[in-house]
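Q: Provided herewith is a single structure, encoded as structure tokens, for subsequent inquiry.
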Amino acid sequence: MAKVIFVLAMDVSGKIASSVESWSSFEDRKNFRKITTEIGNVVMGRITFEEIGRPLPERLNVVLTRRPKTSNNPSLVFFNGSPADVVKFLEGKGYERVAVIGGKTVFTEFLREKLVDELFVTVEPYVFGKGIPFFDEFEGYFPLKLLEMRRLNERGTLFLKYSVEKSHR
């Protein structure tokens, strides 16, 4: 099965979105582009897609939605199905890794189906009083192993790479 990788940025309290404009750093955006371009695809929810406003270039963009539309753009697919269905779809297209980029509902659905192998998390040096958490509640837990930790800039933006312990996948 393809490796499922969550790619996200958050504040230090775990919020992935806020009313603050442009809070993710240049270094995070550059790192995100490099990671997801190498993987070759991004899976996101409809709201995340609408916030981005366009398909991300050089990647197959899969938008999970209950009301799929047709697209004339070969790099954009609207998909109505479960996380397992979208992983199978991408495997059928030859992808060995799947980059899940949010939002909260999509992350939660993948967690509930225990479909996550790695997390690539950028922690930006902010604390948001209001915002959207990384995920909703779900049953169980995922023990993680830190594979990499890098400081991306002088402000203290951190990149953390975790794997989900094999016994829990």
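Keep in mind that glycine also has a Cβ here, set from the backbone N, Cα and C atoms.
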Q: Report the candidate from Ile47, Ile101 that shares the substrate site with Val7, Leu8, Asp28, Arg29, Lys30, Arg54, Arg59, as recorded in Swiss-Prot.
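A: Only hit among Ile47, Ile101 in Swiss-Prot's substrate site, alongside Val7, Leu8, Asp28, Arg29, Lys30, Arg54, Arg59: Ile101.
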Q: Please state whether DSSP places Asp28 (substrate binding site) in a helix, a strand or coil.
A: helix
Q: Let me know the most crowded of the binding-site residues, choosing from Thr48, Thr65, Thr105 and counting other Cβ atoms within 10 Å.
A: Thr48
Q: Using a 10 Å radius around each Cβ and counting other Cβ atoms from all shown chains, which of the binding-site residues Arg46, Arg67 yields the largest count?
A: Arg46
Q: Per residue, counting other C-beta atoms within 10 angstroms of the C-beta, which of the binding-site residues Asp28, Glu50 reaches the highest number?
A: Asp28
Q: Hey, does DSSP put Thr48 (NADP(+) binding site) in a helix, a strand, or just coil?
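A: DSSP call for Thr48 (NADP(+) binding site): helix.
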Q: Across all chains shown, how many C-beta atoms besides its own are within 10 angstroms of the C-beta of Val7 (substrate binding site)?
A: 20
